[in-house]
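Below you'll find the structure, written out as structure tokens, and then a few comments.
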Amino acid sequence: MDAVNACGAVAPSHVGRAALLRMLGAQPYVPVWHAMQRFTDVRDATAVDELWVVEHDPVFTLGQAGKLEHVLDPGEIPVVHVDRGGQVTYHGPGQLVVYPLLDLPRLGLGVRDYVYGIEQAVINTLAQWNILGERREHAPGVYVGGAKIAALGIRVRHGCSFHGVAFNVAMDLEPFHRIHPCGYRGLQVTSVLDLGGPSEMDTVAAALLAELARQFCFVLHPTSGWLSS
């Protein structure tokens, strides 16, 4: 399958469509998750798509396919059962998390192309620092030399996406040893910094957002303010 070219994959009438960008900073996981659910539940055909960028407090999240046996020793880090696809992963400081809240049918996108586009955005971002990112068949996400650098877990409800991608930038990777990441025993993880890339979250966020905008032909419009309760 060829890389997703948003200007070809997205419906022609929606190329260059506006999307709001919310830079949420450091946030606990659960309030952001609940806000994504509310946003998705109340949006209609006129709602503007949004991308939320966040750095979560330490948390393990267990997706719908997740098994508690893959959580080995969480210690002081909470475990939250969530409604995304996939297994268990870790979120924490130094990890860039992006939640695209998109109306996929309006963009002319199927789930497969959507997932492929997110992965391609990460791969293209890594390439800016001469890091070779790769896909793995039947295991969504992006890998470098067999180690996972970006985890992908999504949910699509009534054609609208929420949850998203978690990209390891410059973080303490020790908590990944307390789980079987994404349900795979012994799966190694890595980060942009460990591979010689930048440690600055703002630098990596700017690069990834530009690639996501390119993949899905967005024009991103930053907006201020937190989310309604």
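Each Cβ is built from the backbone N, Cα and C atoms, and glycine gets one as well.
Pulled from Swiss-Prot:
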DOMAIN    45-220  domain 'BPL/LPL catalytic'
BINDING   R84, G85, G86, Q87, V88, T89, Y90, H91, A151, L152, G153, G164, V165, A166  substrate binding site
SITE      K148  site 'Lowers pKa of active site Cys'
ACT_SITE  C182  active site, acyl-thioester intermediate
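Location within the structure of each feature annotated in Swiss-Prot.
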residue	record	CB count, 10 Å
R84	substrate binding site	20
G86	substrate binding site	23
V88	substrate binding site	28
Y90	substrate binding site	26
K148	site 'Lowers pKa of active site Cys'	23
A151	substrate binding site	26
G153	substrate binding site	24
V165	substrate binding site	24
C182	active site, acyl-thioester intermediate	23
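Overall, the recorded substrate-binding residues R84, G85, G86, Q87, V88, T89, Y90, H91, A151, L152, G153, G164, V165, A166 cover a maximum inter-Cα distance of 16 Å. Across the domain 'BPL/LPL catalytic' (45-220), mean pLDDT in this model comes to 95.
Residue pair R84 (substrate binding site) / the residue listed as 'active site, acyl-thioester intermediate' shows a Cα separation of 12 Å. Cα of G86 (substrate binding site) to Cα of C182 (active site, acyl-thioester intermediate): a distance of 7 Å.
Taken residue by residue with DSSP, V88 (substrate binding site) is part of a strand.
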